[in-house]
Amino acid sequence: MTKLLELANSKKGVFITGTGTDIGKTYVTALLAKYYREQGIDVAYYKAAISGADTIPESDAGYVKKIAGLEQSDESMVSYLFSEAVSPHLAAKINNRPIELDKIVGDYQVVKDSHQFTVVEGSGGIVCPIRYDESKKILLPDVVKALGLSIIIVADAGLGTIHNVVTTAAYIKTLGIEIEGVLLNNYIGDLMQKDNYYMIEELTGLKVIGTVAPNEENIIF
């Protein structure tokens, strides 16, 4: 049994974060949801806030729904949708629509109660402001803790990933949040990437629980 299947059999959800933007987090999240569905698991997707899209079908949520073949309603997948392609806290300020943690928790609870397992995608890297104003200051880790989730880190397999994964993992560990492992995207298994794989496990104490080759439709375990 893979680590991912063990996770789905023991918990109700997992949070997917990346080492930064544009590393293929949504792509890998879609393949992860697809994998669960193909294993016969009633899987759902949720993301607290999405920016840079006018409608859910054209957003990250819509992409995951299409690739994974989810039958979940669009409205249940996202709590806040903004058209501006900026950080959620700034998009919320521009639209004068403050993000509320209580709404995120409530919306996630509805999805969680309706499905066997929920894949929750974060925004960008783990250090992402969700709301930052005079009234409240909410960062992405606050969302993770409020939802009671552990984390999977998605990283690009190429040059620089050792630093990115090690620093991301170290920060998450200081917050007392459990890390389930690492998924490496764009993995072709050349000499450098094999060394990256090895050094990530050595320096973080985490396992690389899967890899995704460029344009691949499945996670390799």
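Just so it is clear, glycine is given a Cβ too, placed from its N, Cα and C backbone atoms.
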Record-annotated Mg(2+) site (TrEMBL): member among GLU84, GLU100, GLU121, GLU134 besides THR26, ASP60: GLU121
Site with most surrounding Cβ atoms, counting all protein chains shown within 10 Å, from the binding-site residues THR26, SER51, ASN186: SER51
Rounded to the nearest Å - Cα separation of LYS47 (active site) and GLU121 (Mg(2+) binding site): 5
Rounded to the nearest Å - Cα separation of GLY124 (ATP binding site) and SER51 (substrate binding site): 11
